[in-house]
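What follows is a set of notes on a single structure, which appears directly below.
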């Protein structure tokens, strides 16, 4: 396998620009070449680093939350509303990071449509296109917030009536719901990686069916166990729907801003 060095990449970009110049296409200036080399070399590593960090936070936090929630019920806790509130009350910690990273992103990735004024062909100035109204954004946030709150309550019910192993395995069905909702709402195609994950998930579900020796939490009847199963499955489907709707809504908002 041949690995491109910085000089090879620079020569390759220069050759492409010369070929475009001979064919009458647009060329990049010498000033843009170092930027292209830097983006080609640094961006993939930065992207993978962010994915690794975010994946670690999601997996570790989800595991800790499940164990602490089960510990709460085992030690005598019985309030589903308190267990639901705990899942949502930590958001103020993220507010400083939101303002920090949003300000830096806007300063580095400013779009031409965000200029103070646009000059038309006739010389007149016009204001840049405005984003969605505050009422529209409020409705989007409230709608998504209600779905997330309902999902957290269903998760609390499921964790109260199911053992941790069964609960975690049912929660993994969110992957299948993600694939379905992303296909219909976000035009996400079924890749071999997604199909492979769905096969592994199906095998795990089959093993769950034949697992008869799983210990139920103390004082939980068969009816409550069934309710926990349904609530956990519904919460997994609801959260998968929330992710797809969030991507869809913000894609529409971004397109509205740019146009």
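Even glycines carry a Cβ here, placed using N, Cα and C.
Beyond its flanks by at least six residues, the transmembrane segment (47-69) meets 83, 86-87, 156, 159, 164, 167-168 of its own chain at Cβ-Cβ distances under 8 Å. For 47-69 (among others), the entry in TrEMBL reads transmembrane segment.
As annotated by TrEMBL, transmembrane segment applies to 81-100 (among others). Remote same-chain residues near the transmembrane segment (81-100) are listed as 65, 69, 72-73, 148-149, 152-153, 155-156, 159-160 (criterion: CB distance under 8 Å, separation of at least six residues from the stretch ends).
Taken from TrEMBL, the feature transmembrane segment covers 134-155 (among others). Within its own chain, the transmembrane segment (134-155) has Cβ neighbours under 8 Å at 80-81, 84, 87-88, 171, 231-232, 234-235, 238-239, 241-242, 245-246, 249, 253, counting only residues six or more beyond its boundaries.
Under the heading transmembrane segment, TrEMBL lists 167-187 (among others).
According to TrEMBL, the feature transmembrane segment maps to 193-214 (among others).
Same-chain neighbours of the transmembrane segment (226-250): 140, 144, 147-148, 150-152, 154-155, 157-162, 166-167, 170-174, 177-178, 180-182, 185-186, 220, counting only residues six or more beyond its ends whose CB sits under 8 Å from a CB of the stretch. Per TrEMBL, transmembrane segment is recorded for 226-250 (among others).
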Problem set entry | Residues of the parent chain within Cβ reach of the transmembrane segment (167-187), under 8 Å, 6 or more residues beyond its termini | 66, 70, 155, 158-159, 194, 197-198, 201, 204-205, 208, 228-229, 232-233, 235-237, 239-241, 243-245, 247-248, 251
